[in-house]
Structures are given as C-alpha cells and as structure tokens.
Amino acid sequence: MSESTAAHIDPETAQKVSSAYRSMLDIIGEVEPRVAQATRQELDDQRHSLKLIASENYASLPVLATMGTWFSDKYAEGTIGHRFYAGCQNVDTVESVAAEHARELFGADHAYVQPHSGIDANLTAYWTILSHHVETPGLEEFGARTVNDLTQDDWDTLRRRFNDQRAIGMSLDAGGHLTHGFRPNISGKMFDQRSYGTDPETGYLDYGKVAELAREFKPLVIVAGYSAYPRRVNFAKMREIADEVGAVLMVDMAHFAGLVAGKVFTGDEDPVAHADIVTTTTHKSLRGPRGGMVLTTNEYAGDVDRGCPMVLGGPLGHIMAAKAVALAEARTQAFRDYAQRIADNSKALAEGLMKRGVKLVTDGTDNHINLLDVFSSFGLTGRQAESALLDSGVVTNRNSIPADPNGAWYTSGVRIGTPALTSRGFGPDEFDRVAELIVTALSATTPATTASGKRGKAKYTIADGVAQQVHDAADELLGNFPLYPGLEL
Ligand code: DSN
C-alpha cells in the first residue's frame, strides 16, 4: 500500500475486502437495514465530496478492520498487568504494543493510550497535573499524601479550591480549543483560566504577551496547541515561559500529531521534546482510529496511568488495537512523506486562494490549516459560506477568526485542512484546483435578506447552476483519486 494514498488497496485485496464488507453489511442489514444502508451511503458521500475538514482523514483499511472485532466485548479497567477484571491478557498485548509504538514514534518517556477522545485525553492530563501538584498546599489536613488518597468528603472540600488553580491557553477566537479552559468544558470550571491571543496585526502568536500573562497570572498550567491556528508554534519558547513562572507545560497536539510523527515539526516545533505532558487525538492528521492518547515524562507516568477509573470509562480494546496498527503505519518513511505533503499541499492551497483574492488569517499557513476570512473576502458569514460550499460538494466547517465581528455561532471564517485529501493522493495542482472551486462557489453566493430587509447571517442564495457545476467538477477531480478503489458494496 502506498502511504500517500492510504485510501488505496491492490485489486486482489480489494476483491477480498469487498466480499468481506458485503457479507458484514448483509448481516447488519438483517438486524437493522437502515444502519446498513447509512453505512453504504456514508462511503458513497465520502467518495464524492471534497473532504476539507481539518480534523478529518481517511483511516487505512487495516485500521478500520481492527476496530470491528470482539475486543469490543472485553472489560479491562486498570492498566497493563493490573486490571480489575480477569482474562485481560490479550488487551494487555494490544495496549502494550500501542504504547510501545507511541513512545518510540514520538520519543516520549511514557504513553497512555486509553483515552477515548481528545476531550478525555485533556481531562486525563488535567487530573494528572492536579494529582501531581495540588497535594502540596494543605493535603496533610486530610491525612492524605496525594489526591488519590482523598475520601469523598475530602473531594468536596478540595473541589471548592479548584478555582485557586490557574491555567492559561490560547483564546478560542485565536484558534484555541474549548478544552483549554473554556466554560462550556469542565476545564473551565476546574481552573481559573485566562487566555492569550494573537497579534492583532499579523495574527501570529505573540510570545512576549504570553510571557507577560504568565508572569502576572502565575498559572499552574500553560496549555499550548490549537485547533484553528494556521501557523507553527515554537514549543521551546513556551517551555522557557513555563520554566520562568514554574508552570507545567501541557501541549495539545491533536491537530498536528501527524506532522510531529512524520518529522515535519522537529526541534523547537516538536512538542514532545519540550512539554511535560502532551495530549492528542489519534484520528486527525495521525490517521488512526477515533481516540485519544497522553504522552508524559517519567515524572507523570504513575499519575496518568490512573486515568481509568479516575476520569475514564473502561478502555476500548478494539480501539487501542487499531491505535497500535495506525502507529505502526506512522513509523514508516511513507508516512513521513505523507506528512510533508500535508504541509506542502496546505501552502499550495493558501497560494491558490490568495492569488484569487481570498484573505487568509495570518496571510498564509505553515501547517495543515487554512483559515479563510470569508466575511472580508465575500461578505458572507462563516455559516453561509459553510452551507454554500456543502451544497457544492465541498465539506468544510465554519470557524471564528480573531476579533470575529459575527460571533462564535455565525462566525466570519471557514477552516480548511489538507490531511484527508492528501491521503487520497492530491498534490499541489489538485489543491490549486480546489482553491478555484471554492472561490467559484463563494463568489456566486450572496447573503439573503431577512423579512425586515436586513442582511441575514444564515440564509444565502447561490447563482443558478453554480453549486451543481462545482459539485460536478469536484467529483471529476475526485474520480482520479478514488477512495478504497475496487471496494464495491
Ligand atoms: N472537533 C475537533 C476539530 O474539529 O478541530 C476538535 O475538537
């Protein structure tokens, strides 16, 4: 299998896989035909649309196949070799293999591969940090050595103190994530949180401002990482800031884990070399199964391993097995080539958009994300642009931009990423064509006015025939890079 086109299989395998999937869908269909039909339809939809959501990808068939097994039926709470259930020897094997690959691939002291998602990984990391650091002020009053020794009553008292624990993270409109201390997520209740933003002129992270905030606020945790920032982060600088104020440096690399695994982000840009704790999902640029993972230094290994049952439900053996397979794929030179192409394609897409007059946040990209300011460029809200693109077979998501004039619901931006279409084999020429199609669709879109004659924020109209024309052109482009070719259901 060529890794640049993980979505590809050779014809003989395709025949076998087709027959296996057909049999599986027949069995499923006998129980609930609507699920079998939706599963077939999902493949068809993914085959025929331009998947540009920056957090999505196409896992390889070995990864997909590993998820569908009887490991799903086994309980295995606890950690490798220390389970609360009997008969976990095979779960021990797959969890050990996944952790071993993760440690070696990322150069981490320790890997905890149980988190079910990115939110779970971050929650596990926060509890790890609190477990490790919060014991100092006054745990002796509970007769406890660490937070793990506390009774329920002790927890009730301690919970009221969480507001005394401080964290800083990138603001949402600059590209940070809800789990970096924002109110809709538990992290915003566990910590007293302040945000650092980006430079209003350039849109780049301002390390001087981060340092200023850290000195003034003295957080226990500095969270670095992003889900919608189109530039690289210098984690060596973030480490210096953390050291200066005695903070723990936590990096959420969910979005760019594939670029770290693929050695595109090295040196100062390698989070694992600089942070105390690194969290990630496994299904974005890393191209594995849906799930999460936490990498730590030896200092935090004992605490992070208590993630289940502290904050996580029983580990998912079938997903940990698939993480092991995906991480084995990510160790190859072919994956490193793929990761480099993600970044090269992202630049090509940015150039294609900018030469056609689109304003990008930071005027470009050097990772896998392009953040389009569709309000300045086309007079559309993010919601209108997202919908018009979807009508045209282009799947993206709306996203806030810094100081967004349309707020967090309608937004003024659209976020676009290259990992998925790079997996299908797209190169710079195809991404230039993608830019052209996006501009064609959005140039033909106008905001609809509301009943009172005001410019609406949700409704829109597209000039006759343009959505279909773009959809057809997208399909033609996709036809050259088929998804799991030969897999016929
Ligand atoms: N949902 C992921 C994303 O789209 O970036 C992060 O939570």
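Here the Cβ of each residue, glycine as well, is placed from N, Cα and C on the backbone.
What TrEMBL says about a protein is an automatic prediction, not a curated fact.
Now, the feature entries from TrEMBL:
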type: BINDING; residues: Leu172, Gly176, His177, Leu178, Glu299; note: (6S)-5,6,7,8-tetrahydrofolate binding site
type: DOMAIN; residues: 30-137; note: domain 'Serine hydroxymethyltransferase-like'
type: DOMAIN; residues: 165-438; note: domain 'Serine hydroxymethyltransferase-like'
type: MOD_RES; residues: Lys284; note: N6-(pyridoxal phosphate)lysine
type: SITE; residues: His283; note: site 'Plays an important role in substrate specificity'
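Mapped onto three states, the DSSP output places Gly176 ((6S)-5,6,7,8-tetrahydrofolate binding site) in coil. Secondary structure from DSSP puts Glu299 ((6S)-5,6,7,8-tetrahydrofolate binding site) in a helix. Each residue in the domain 'Serine hydroxymethyltransferase-like' (30-137) gets a DSSP state, and the totals come to 62 helix, 9 strand, 37 coil. Taking the Cβ of Leu172 ((6S)-5,6,7,8-tetrahydrofolate binding site) as centre and 10 Å as the limit, one finds 20 other Cβ atoms among all the protein chains shown.
The average pLDDT computed for the domain 'Serine hydroxymethyltransferase-like' (30-137) is 95.
All chains included, 25 other C-beta atoms sit within 10 angstroms of the C-beta of His283 (site 'Plays an important role in substrate specificity'). Rounded to a whole value, the Cα-Cα separation of Leu172 ((6S)-5,6,7,8-tetrahydrofolate binding site) and the residue listed as 'N6-(pyridoxal phosphate)lysine' is 19 Å. Listed in sequence order, His132, Asp276 are the same-chain residues at least 6 apart in sequence whose CB falls under 8 Å from the CB of Glu299 ((6S)-5,6,7,8-tetrahydrofolate binding site). Just so you know, the Cβ of Gly176 ((6S)-5,6,7,8-tetrahydrofolate binding site) picks up 25 other Cβ atoms within 10 Å once every protein chain is counted.
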